[in-house]
Ligand SMILES: *Cc1c(COP(=O)(O)O)cnc(C)c1O
């Protein structure tokens, strides 16, 4: 007999998201390079704001997020009225799918794209459509060819996770201009701050009514544990998303900490500079040891191995050395390992260990 209590169609087809591993059995001081976290952590000013928030835990948080939206607006030169804040950019992605896609609608994304696009599309009852990339890079022509009159949302992460590659502003604009009229282009800028001088697409959004951008405090701001993200786009879309946003979706601790973090752009600049330096060093060190990678624009490197077996064996060896990296078979890249750029000591350790792994074969 079938259970009369049933979820909506499609929900049970959603594969559970698996985060990067955090522990290795038997090793207490393992280095976690599996979740693209900032090894330097958040700004001291953000930590102080979090500590001060303890004094108002009995109060409900503000519902309009005005102070945080103003701080984001000042830091990025954006209109606060066109910003929405959420529980990570994951929640903004979820709002977009819930508001704009439903049964028989299509949500398009790239083949090695972020897993949340598929999960949120399916949660909304929509059909996920995965589009091939070219050399692990977003292919605008392939995306445009995949669009139909049912396409409601097209997600690209730029820079992309887990490939680390990105496409330039002219290509992004060609994509936006070529979409069917009913579709929104969502630019996921989770790693935008790692690209010096990059606006994540803000300037394009100022000129077009079909482009939206998501951003996060989880990566360069070092606040993944606190869950804060934001979106920026046309006022009409912000107005729609605010209708399904829970009024108290962000706690006062989240709001105050994020506001202090975004006001400390010196910290962001320091983290970007260190990441750029160490990323170049690690990519070259791995290449010298026979492990190639595409030029990364984010805070990780996608290391390529001969095949799935070699990637798995290297991952197992790294674990014995107390180094946790990310298998990305779930992203369609079974022969690769995604390695977050840690601090200098971590980069040296992972390069040394991969050299030993390659040498012992
Ligand atoms: C890490 C990441 C995010 C951030 O998600 P949050 O919910 O803000 O922590 C979004 N998109 C991509 C592509 C990511 O890699």
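Cβ coordinates come from backbone N, Cα and C, glycine included.
The domain 'Aminotransferase class I/classII large' feature in TrEMBL is assigned to 29-354.
Sequence-distant neighbours of residue 219 (N6-(pyridoxal phosphate)lysine): residues of the same chain at least 6 apart with a C-beta under 8 Å from its C-beta are 36, 37, 38, 190, 191, 193, 194, 299. TrEMBL lists 219 with the feature N6-(pyridoxal phosphate)lysine.
Secondary structure at residue 219 (N6-(pyridoxal phosphate)lysine), taken from DSSP and collapsed to helix, strand or coil, is coil.
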